[in-house]
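Each remark here refers to the structure printed beneath this line.
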Amino acid sequence: MMMDSQSMVTRIALVFLLRNFVIAELRDRNIQWQIPIGIIQDRRDEVTFTGFYYSVQMLKQIQSQTFELHTPVEYVDKSDSYKLAQARLMRYQELRELLLLNNTDHPVNIRIRRIENIKQAHDDLKSLDSNELRSTTKQILIDLESEESYVAFLQQIREVGMNKQNYSYILATQDFLSLPVEKFRHGGVKITGFQLVDYSTYKVHRFIGQWKTLSTSLWPGAGGNRIRVGAALSIDAATILQETIKEMLENDPNVFKTTFRRADIYNFNTTKGIPCSGGRPWMHGQEIIRRMKAMDFDGLTGRVTFDENGMRRYFNLGVYHVSLDFGPTKIGDWNSVNGFTWKGQEEKNEEKIDDIDRDIKIVISVLEKPFFMLKSEPQKNGSAWTGNDRYEGFSVELIREVARIADFKYKLKHSTDGIYGTFIPENGSWNGLIGRIIRKEVDISIAPLTITRHREEYVDFSEPFMNTGISIMIKKPDIQKPGVFAFMQPFSIFLWLCIVISYFVVSVGIFLVGRFSPSEWEWSKPFKLGNNKFNLASSFWFTMGSMMLQGSDTCPRSNAGRIVGGAWWFVVLITISSYTANLAAFLTIEKLLTPIEGVDDLAKQTEIAYGTLASGSTQDFFRNSEVPVYQTMWNYMTSAQPKGFVDSAEEGVERVRNMKGKFAFLMESVYNEYFNHQEPCDTMQVGPNLNSKGYGIATWKRSGLRDQISIAVLKLKENGMLIKLKNQWWIEKGGCGVQETHSKSKKRSLSLNKVAGVFFILIGGLVFAIVVGVIHFHKTKTKVQKLGGLYFFGNDMKCTANIEYTRCPSESTNGRVITNGRSNGEKPQAGWHENEELGVPNLDHHVCQSIDNSVHRNRHEPVQRLSTKKKS
């Protein structure tokens with residue numbers, strides 16, 4: 001981060017050693033001397049020695065010290081040998097011993113050792129231990145190169161027995177919590193170190209939630225609950241560069257247009273590539289550095305900001321300590337502004353404040369809609385809200401009612417980190433609201449704080465004021481407009497197909513049964529079959545009439561035919577009854593159909609993606625669940641691409657809305673219900689809750705407030721106030737009003753667009769009948785003409801369409817019009833009578849017989865046209 005961070009930690013560790021051990025020891029003895037101090041470490045660079053001088057100067061600025069420090073150590077060049085440097089420092093050690101001759105009862109021993117091979121340091125450590133007086137408290141500053149070196153060193157001090165009482169170690173590391181210091185809680189040794197990454201912050205907590213889900217094969221170092229300082233610094237450095245480039249592109253989208261071309265880098269649009277040596281820097285280098293120096297944001301390593309020289313400032317180091325049956329625990333902080341700040345002193349100051357304001361309870365919450373919010377609009381007179389009036393929401397109304405019943409005064413405040421409370425196993429502490437309750441910084445925490453067994457061990461919870469559980473949010477499916485053939489929806493397509501096939505099978509079956517059954521035939525003469533009225537057309541007409549609950553002129557007379565007909569009637573009875581019952585439900589009641597009905601449907605399919613928050617109790621529920629369905633869902637969410645985890649509930653809701661029904665968000669039902677009532681009102685909850693849990697009001701252990709608050713919550717439940725408050729902040733203040741759930745049906749009047757298909761079928765039937773009639777008309781005309789011209793219909797369609805005619809002329813013969821056996825108004829001749837069905841004259845039997853004989857005699861002669869006049 002544009003500085004040697006390890007060198008900075010070395011300086012801080014040295015200041016910590018001198019200030020808290022050496023200076024404290026000299027103060028106890030009331031000694032006022034000039035003390036020369038020197039140092040040798042395993043790094044040979046100028047920056048470290050510059051840092052050494054800087055550390056001593058910081059000590060000189062302490063106003064309360066009673067002695068003066070000076071630095072007679074000259075710069076040790078890299079070409080100098082270790083023995084030369086050791087000789088010079090031994091000279092300074094001798095000088096210090098001379099200065100303390102008059103107080104030899106309590107000497108201050110400062111020795112410097114350089115370890116060549118940290119993995120084989122047993123002899124060096126034994127030599128150090130044997131040369132010291134065992135009754136003297138030894139303060140040892142350890143400055144090593146890497147985490148592996150610290151691990152090897154800690155292992156060896158246990159092996160040589162230097163992990164006992166009177167030994168105090170200060171580790172100049174930036175990642176104290178990653179070291180195995182828990183093993184030193186039983187020997188009496190004291191170990192102090194520094195931690196750059198603060199795991200109690202929300203940003204780090206959220207990042208760790210994603211970090212531990214990554215595959216260790218693709219992301220070395222991931223998959224755990226900690227991140228190394230080097231990785232955290234790299235992430236912050238990459239973030240700085242990313243934000244810098246992003247800012248430059250926002251100001252000028254074409255800033256790099258001439259720089260990057262075809263996967264190559266150009267400098268000033270002339271030189272290809274940027275040489276590491278040379279007098280011409282990159283054209284954007286100075287601008288990037290300038291913007292990086294102006295960057296200020298909260299990263300994984302704390303606040304990231306730089307001074308004009310590019311050195312990082314305003315960062316914080318946590319000071320952690322391990323001793324007998326204690327730790328690792330944070331005992332203080334160091335920052336570049338205030339120096340060392342001890343946690344014990346802060347707690348004492350807080351206890352004093354609590355003693356003063358004991359009658360006014362401090363109530364804290366997290367800014368979370370709709371529970372706890374800052375008012376966005378000022379007062380009517382334009383002034384800003386102050387005190388408790390600054391806040392609004394469900395929790396604000398709830399604590400007002402609870403305080404009224406329990407009779408206490410309170411002061412509202414909100415947490416800035418937005419964390420409810422997570423246990424940090426690395427140091428055994430809690431962050432967020434739970435941590436502040438445990439440390440007695442506040443008296444009451446009123447928020448959507450889930451009651452869990454682990455939290456109950458550290459704080460007291462009241463009676464739950466709201467119950468919730470993990471639920472599924474999906475995008476509300478669009479209500480599909482009914483089609484014109486909506487009346488066909490009661491039956492599936494397959495069932496309709498079965499009905500049609502049954503119709504044809506029954507019709508053909510009745511025809512065949514009637515064809516082979518003697519009962520269907522008429523006997524024209526004894527022992528001679530005549531006409532069979534139950535032909536194929538009659539069979540189809542009978543089956544159709546039965547299906548439509550109508551009769552027909554022809555019915556089967558044979559026993560077999562009647563059996564088939566009775567079976568068909570029974571099928572028709574059941575089918576019509578079922579159709580009528582379902583038709584009323586489908587056409588008059590609308591029901592919203594969802595793609596899934598619950599968690600089982602969601603787990604079995606892959607078309608709809610799903611996910612949850614990147615951290616929190618919902619994610620922990622799936623991660624730790626032993627239910628096979630939930631384990632399957634957890635495996636899917638961790639392996640899905642893109643990942644199913646989101647950083648906030650708002651992001652998850654937006655993802656549900658934007659993915660058009662292809663994403664389901666798993667969240668607590670309380671928030672699910674809230675977002676469903678917010679515009680654009682296009683989300684909904686499906687299925688029951690996956691689990692059940694409650695929100696409670698937290699107080700610190702044995703504070704005496706839990707019983708009072710629980711009684712107040714029970715009274716609010718009994719008088720319905722909690723339901724009233726929830727309706728007020730969820731429904732009344734929402735933009736959607738009271739909504740119906742997808743399981744409820746809504747009755748509506750029957751509209752034309754749902755049954756328009758019936759009229760289309762009617763119109764189609766009329767058109768088809770006209771077409772069949774016309775075809776029959778022309779077919780009959782052609783047939784009559786082929787029988788010898790006996791055609792007595794009109795000679796054109798005009799006559800047929802004219803309703804004034806009761807008889808239409810057929811054709812003209814020798815200038816006369818033939819009209820149903822009458823010529824120009826003559827009466828019909830004998831031997832003719834009118835065919836009522838066809839509308840043409842029929843011949844008497846003897847006339848037809850005469851025509852038939854004539855045709856047979858003159859088979860090859862043309863048939864003469866009959867005359868309407870009698871022959872003499």
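Each residue, glycine too, has its Cβ placed from N, Cα and C.
TrEMBL labels come from automatic prediction, so no person has curated them.
The disulfide bond recorded by TrEMBL for Cys681 reaches one of Cys736, Cys799; that cysteine is Cys736. Residues Pro448, Thr450, Arg455, Ser617, Thr618 are given by TrEMBL as L-glutamate binders; from Glu397, Glu401, Glu668, that same site also lists Glu668. Its Cβ taken as reference, Ile596 (site 'Crucial to convey clamshell closure to channel opening') is surrounded by 19 other Cβ atoms within 10 Å in the chains shown.
Note on the domain 'Ionotropic glutamate receptor L-glutamate and glycine-binding' (370-439): DSSP counts are 24 helix, 16 strand, 30 coil. The average pLDDT the prediction assigns to the domain 'Ionotropic glutamate receptor C-terminal' (359-732) is 84. Beyond its flanks by at least six residues, the transmembrane segment (493-513) meets 534-536, 538-540, 542-544, 547, 556, 558, 560-561, 564-565, 568, 571, 575 of its own chain at Cβ-Cβ distances under 8 Å. Largest Cα to Cα distance within the recorded L-glutamate binders Pro448, Thr450, Arg455, Ser617, Thr618, Glu668: about 19 Å as a whole number. In space, Lys715 is the closest of the recorded positions Ile596, Cys681, Lys715, Cys736 to Pro448 (L-glutamate binding site), judged by Cα positions. Between the alpha carbons (Cα) of Thr618 (L-glutamate binding site) and Ile596 (site 'Crucial to convey clamshell closure to channel opening') lies a span of roughly 20 Å. With a cut-off of 8 Å between CB atoms and residues at least 6 apart in sequence, the same chain places Gly421, Ile434, Leu449, Phe461, Ala698 near Arg455 (L-glutamate binding site), listed in sequence order. Recorded residues Cys681 (disulfide bond) and Ile596 (site 'Crucial to convey clamshell closure to channel opening') have their alpha carbons 19 Å apart, per Cα-Cα distance.
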